């Protein structure tokens, strides 16, 4: 079969800075991951210290890290293919078809938890993940690059209707970044759907546990701050996998192609930057009062509201106050993850800062799509609900 050398047929506005952003982001974001991990392990933990705490090249590679990354992805792939859980259909595609998805992410998390308990019972040194964190990140970044190149090359054999509208511009760098094919599959194995919630998200929990065990090795027991960070983020991941079916209506699955942006984000960015708080606490322990812990727990438990997927626009309750109350809840929850690390360093608040920028950008993308979908009804809704995320501010 010859590759389908079709030309781009969609002239959508280019996102993430267009070709310039697509050239710079794949270089600078991986370097940012390694820099943040290095700063976390440094005594000062200052993102502005000079000279920066750059590790020697020898500390960036360890064969064991490569074995662990490959083994981890293989394990999660095996769990994804197990005939457990239910099967759901995605939204209707441009050709009128609907793909089927295995909804068994919570089962994968549960089986992984049992395997981790067995590892602990056997005395495996999970705390050694702290020493391996830089090589693990390097390997995860390498896998994301290799996967992205594979996805880009195979997309030229995909039919026109299977391509993402936003990633089929004809600019190789931009299309590599955004992803040309919308739902790349090997048989029934959906590559984008698998990466979205499995290896990176569950891997984030495992890395956090490794940081907790490292603290046990150093100090004899985990701190209250470490327990809170692990507990909050485990709850977040568990909730995401318990409600895995909801991801089928998200922008990542419905709109975005599968290229470097999502591959790197899923496999490297999420597990190695979302858990910076736990790594920070290994090197910079924090004392936390019971009252302070109770306040942080209350902040984290603030109820969030799932995104509506119906055809009508909600203008009641929280949805009548701000257009994205779920985004506001996410930001407050992210703040609760960082507060156990104290207020003296900005590094543990990296996730809050990054997530704020991400949600503002995502809200702008939502705005464009909703305006195109609902037309004048969206203008009426915006006049009725003027605030986007934060009441009276934005």
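Glycine is no exception: its Cβ is also placed from the backbone N, Cα and C atoms.
Note: TrEMBL annotation is automatic and uncurated.
For 20-44 (among others), the entry in TrEMBL reads transmembrane segment.
The annotation transmembrane segment is assigned in TrEMBL to 64-82 (among others). Distant neighbours of the transmembrane segment (64-82): 102, 104, 107-108, 111-112, 115, 132, 135-136, 138-140, 143, 189, 194, 198-199, 202-203, 206; these residues of the same chain sit at least 6 beyond its ends, with a Cβ under 8 Å from one of its Cβ atoms.
Sequence annotations record features per position, and here TrEMBL assigns transmembrane segment to 103-126 (among others). Residues of the same chain lying 6 or more positions beyond the ends of the transmembrane segment (103-126) and with a Cβ under 8 Å from any Cβ of it are 75-76, 79-80, 82, 84-88, 197-198, 202, 205-206, 209-210, 213, 217, 237-238, 240-242, 244-245.
The transmembrane segment annotation in TrEMBL covers 132-153 (among others).
Annotated transmembrane segment per TrEMBL: 258-283 (among others), in sequence order.
For 334-360 (among others), the entry in TrEMBL reads transmembrane segment. Counting same-chain residues at least six beyond the ends of the transmembrane segment (334-360), those with a Cβ under 8 angstroms from any Cβ of the stretch are 36, 39-40, 45-47, 224-226, 228-229, 232-233, 273-274, 276-277, 280-281, 284, 286, 288, 292-293, 296-297, 299-300, 324, 327, 389, 394.
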